[in-house]
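Quick look at what TrEMBL annotates:
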BINDING   GLY14, PRO15, MET16, PHE17, SER18, GLY19, LYS20, THR21, ASP89, GLU90, VAL91, GLN92  ATP binding site
ACT_SITE  GLU90  active site, proton acceptor
BINDING   CYS146, CYS149, CYS184, CYS187  Zn(2+) binding site
BINDING   ILE172, ILE173, VAL174, GLY175, TYR180  substrate binding site
Amino acid sequence: MLNSSKGMLEVICGPMFSGKTEELIRRLKRAEFAQLKVIAFKHKIDNRMTIECINAHNGDKFKAIALDNPEDIRLFVGQETDIDIIAIDEVQFFSSSIISVLLELVDNKKRVIVSGLDLDFRGMPFGCISQLLTFADYVTKLKAVCVKCGQDAHFTQRLIDDKIARFDDPVIIVGAQERYQSRCRACFILDNKYWTEIKRL
């Protein structure tokens, strides 16, 4: 239960098809049922389905504001003083400047809930979410089902024309099942460049 005198940062993470957005929407709908005021955001780059909603793969949706500059979150939240919960879907798409914006909201006694991929298609930490995990009060790490063997999946494999994407391909390419698969560690295919990059972390 949220202490009304303090803010809170919750992070929901995992691979694609693990139910991250479903869990985010579930929490937001529960909050609205409890008569709390909610505002949700998403990145403009996520144009799958409807741009004015957070969209889950199971068909669930929740009204959201699409933007690309994290600073704009301050403007929208600042226009209404009675907002209880701020939600961000696919937070990994935003620049690292979103970290200070969200922590400032938490410091101002807001409950902030973000969801996103913790690893990119290469198996590397994805954008700002690795830092947000260190600041989080609560972390929910979800698993998907490996399409190859049915075990718990922690990774997201990108396929281009049914072939494994190259390590140096663009990190952000929006897509769904036509381009991505959830895989376990054993079935996830690593590029030779993976260990070189891991040693640089």
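Placed from the backbone N, Cα and C atoms, the Cβ positions cover glycine too.
Bear in mind that TrEMBL entries carry predicted annotations, made automatically and left uncurated.
Bear in mind that the values here come from a model prediction, so they are computed numbers and not experimental data.
In the three-state DSSP classification, TYR180 (substrate binding site) falls within a strand. Counting every protein chain shown, 12 other Cβ atoms lie within 10 Å of the Cβ of CYS149 (Zn(2+) binding site).
When the Cα atoms are compared, GLU90 (active site, proton acceptor) and LYS20 (ATP binding site) turn out to be 9 Å apart. Among the binding-site residues MET16, LYS20, VAL91, the residue whose Cα lies closest in space to that of TYR180 (substrate binding site) is MET16. Of all Cβ atoms in the shown protein chains, 24 besides its own fall within 10 Å of the Cβ of GLU90 (active site, proton acceptor).
Distances between the Cα of ILE172 (substrate binding site) and those of the binding-site residues SER18, CYS149, CYS187 are shortest for SER18. For VAL91 (ATP binding site), the same-chain residues lying six or more positions away in sequence with a CB closer than 8 A to its CB are ILE98, VAL114, SER115, GLY116, GLY127, CYS128, ILE129, LEU132. Each residue contributes its Cα atom, and for ASP89 (ATP binding site) and VAL174 (substrate binding site) these two points are 14 Å apart. Ranking the binding-site residues ILE173, CYS187 by how many Cβ atoms sit within 10 Å of each one's Cβ puts CYS187 at the top. Ranking the binding-site residues MET16, VAL174, CYS184 by how many other Cβ atoms lie within 10 angstroms of each Cβ puts VAL174 at the bottom. Here the C-alpha separation of LYS20 (ATP binding site) and CYS187 (Zn(2+) binding site) works out to 21 Å. Cβ atoms within 8 Å of the centroid of the Cβ atoms of CYS146, CYS149, CYS184, CYS187 (the Zn(2+) site) belong to the same-chain residues VAL147, LYS148, GLY150, GLN151, ALA153, ARG183, ARG185, ALA186, PHE188, site residues excluded.
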